[in-house]
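As written in TrEMBL, here are the features:
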- 518-713: domain 'STAS' (DOMAIN)
- 75-96: transmembrane segment (TRANSMEM)
- 102-118: transmembrane segment (TRANSMEM)
- 130-149: transmembrane segment (TRANSMEM)
- 169-198: transmembrane segment (TRANSMEM)
- 251-268: transmembrane segment (TRANSMEM)
- 280-300: transmembrane segment (TRANSMEM)
- 337-356: transmembrane segment (TRANSMEM)
- 368-385: transmembrane segment (TRANSMEM)
- 405-425: transmembrane segment (TRANSMEM)
- 462-490: transmembrane segment (TRANSMEM)
Amino acid sequence: MIEPIGNQYVVARPVYSANAFGEEHKKKHRHRKTLLDHLKKCCSAQKAKRIALSLFPIASWLPAYHIKEWLLSDIVSGISTGLVAVLQGLAFALLVTIPPSYGLYAAFFPVIIYFFLGTSRHISVGPFPVLSMMVGAVVVRLTPTANTADPTVTYSSVANDSSLDEHKVMVAATVTILSGIIQLLMGVLQLGFVVIYLSESLISGFTTAAAVHVLVSQLKFILQLTVPAHADPFSIFKVLISIFSQIEKTNIADLVTSLIILLVVFVVKEINQRYKAKLPVPIPIELIMTVIATGVSYGFDFKNRFNVAVVGEMKSGFQAPITPNVQTFQDTIGDCFGIAIVGFAVAFSVASVYSLKYDYPIDGNQELIALGVGNIFGGSFRGFAASTALSRSGVQESTGGKTQIAGLLSAVIVLIVILAIGFLLEPLQKSVLAALALGNLKGMLMQFTEIRRLWRKDKYDCLIWVMTFIFAVVLGLGLGLAASVAFQLLTIVFRTQFPKCSTLANVGRSNIYKNRKDYSEMYEPDGVKIFRCPSPIYFANISFFKQKLIDAVGFSPLRILHKRNKALKKIRKLQKKGLLQVTQKGYICTVDGFKDSDEELDNDNIEELDQPINTTDLPFQIDWNADLPVNIVVPKINLHSLILDFSAVSFLDISSMRGLKTILQEFIRIQVDVYIVGTDDDFIEKLARCEFFDDEVKDSIFFLTIHDAVLHILMKKDYSTSKFNPSQEKEAKLDFTINTNGGLRNRECQVPIETKF
């Protein structure tokens, strides 16, 4: 019963052990579903309908489309997003080291597929610089050149193709198809949860490192230098060395154009950000600068006068689908897993932001299917891996986009460029595209500020960010991502392997127990120690747990057990020889000294010393905290009860189970009662299945709460010193109530039993 009294409450209930609670409150029998039950549920007509609707989310939102309220906004958003998608497709194709025109395919096909299969209404699917860099690294590695070709590897596709660019396109497309297949399989198998292994800190550090890679990779276009491609670890440093070794060959026209573009883009983007509440739509600075740069380059014939590199021929229309190269599949399977997971993680993260902002659900598994099918189609038509660019999605949302109708219209804009007006971009300098790509990196590079925020919040997350950044920069994006995930998992192991255990005490003489180091008014029952473990206990941290427990109680139970068994052996010898007498005042020894021979000491093996202390053969009981006979010294301990708070222990494996049982036995054998609190029923049932309990470690050691265990200990100690005679104790029906001051009173017998802190 709970009685509220103002802002306080009084609880009146029995002191519950786990067994006592189970006897009074019987658990319901729950039917465990069999495989047949799950199959029946999956095969129902209602389930089939839900699956069909989930596979085509457009069927749920398109019929509810508000034409009058949303259509105009989607049209404006679609046109703005489409223009940005065209420019980013051309720019990010340079990161893949393929001709810019192929970036338009990556900006078209995934958007069409996502319109039908995607669950987010606001993200813009298409090229993303991080994925472009990852695909580009694979293309560089698998593309033989005069300087870097590996004579042990055969490239049949190169022998059949007349152009190295065509081979690069084939590699990029094949990698994209395999990445899409992986995403599709993960979605079908309901593996969307894998994104949880990529924490926010890891993604932030990885994208920032990718931005650094993008910056370095674009320098050769801005300066128009011939830089050998590198895809191995430390490649970023090799590229920088190559750039600075030939810096005197810089094309001044490209450099000046790029700097002007960068300056204008940064200034206007800052204006868009600062005055976004007043501007009806953001200023499309990328489009404006592209039109101006293209016109100036064409009008002044930059290609011939200044020898600048331009986009070149833009083929109209689409090309026939490709047949993926099986050998490339085998060579890039590891890279494709990284591309698939990173692409999904970034898209899902951005989609989650908008779903929370506009209050609609998204499905991670369906997102995998949508991205996977989009990449399969895009790769089949010579595109490269797509996800979502943060800047492009921001344009779609900030210009009023309500649904993926805006995405469909952006694909129409890309289609117009592919089919009709692509030739107008042929005079555009590649350095302009590089500058526009760098103009979109501001948000990614600004994530350096995350370090300070993370350091204040969680030093582990800050460490993950820093190490992810270092791994991705030094080892490259592929190996860097693998190393970062491994390091993140290592930090999880480290946190659980070395948990911050604490000793608890009573706060304010109530039923609240906190870390005794955190509060000034703390009360500990005499002879009781409360130890809390805040993590799972498993094979890797059971030794650490034991050591922390020993540090908390101040002694090693095994050492005390050994000392007591040795002392007991000596006492037996003295008693058998008649040299030891016990009186009410203590022990009387009739010899001045007693010493075991070397042979007798050697016979004290560990197995004997580990056994429980058995004094049944002695005519007296031994008080181990009292003075013992001469030359017999045993460390005194002031602990009679130990409470282990396992409320935060989520699981226990078999190896740690054996270790925990050994720890409990060691304390029990030195007459320290051990109680475990806060565990759920499944925890206890697992221990029972594994035959954890025996004559020493019993299932009666479990209590519901810390306070239940403390009250049980205090009542148990009070019984041992009770002034009742045995008949009175048996006749009395004990019913205790917790006072607000932390004491106890017996409501039936009216005998006050005070809690002694």
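Keep in mind that glycine also has a Cβ here, set from the backbone N, Cα and C atoms.
By the Cβ criterion (under 8 Å, sequence separation of 6 or more), the transmembrane segment (251-268) is in contact with the transmembrane segment (280-300), since 3+ such pairs are found. Away from its own ends, the transmembrane segment (368-385) comes close to residues 55, 93, 96, 98, 102-103, 105-114, 117-119, 125, 127-128, 131-132, 134-135, 169, 172-177, 179-188, 191-192, 318-319, 321-322, 324, 339-340, 343-344, 347 of its chain (Cβ-Cβ under 8 Å, at least six residues beyond either end). Sequence-remote contacts of a segment are chain residues at least 6 beyond its ends whose Cβ falls under 8 Å from one of its Cβ atoms, and for the transmembrane segment (462-490) they are 130, 133-134, 137-138, 197-199, 201-202, 204-206, 208-210, 212-213, 231-236, 334-335, 338, 341-342, 450-451, 454-455. Taking Cβ pairs closer than 8 Å, the transmembrane segment (75-96) reaches residues 102-107, 111, 124, 126-129, 132-133, 135-136, 139, 168, 172, 214, 217-218, 221, 281-282, 284, 286-287, 290, 311, 384, 389, 391-392, 395-397, 399-402, 405-414, 417, 425, 428, 430, 433-434, 436-437, 440 in its own chain, all 6 or more past its ends. Contact counts against the transmembrane segment (102-118), taken as Cβ pairs under 8 Å, peak for 405-425 among the stretches 169-198, 280-300, 337-356, 405-425.
When pLDDT values are averaged over the domain 'STAS' (518-713), the model yields 85.
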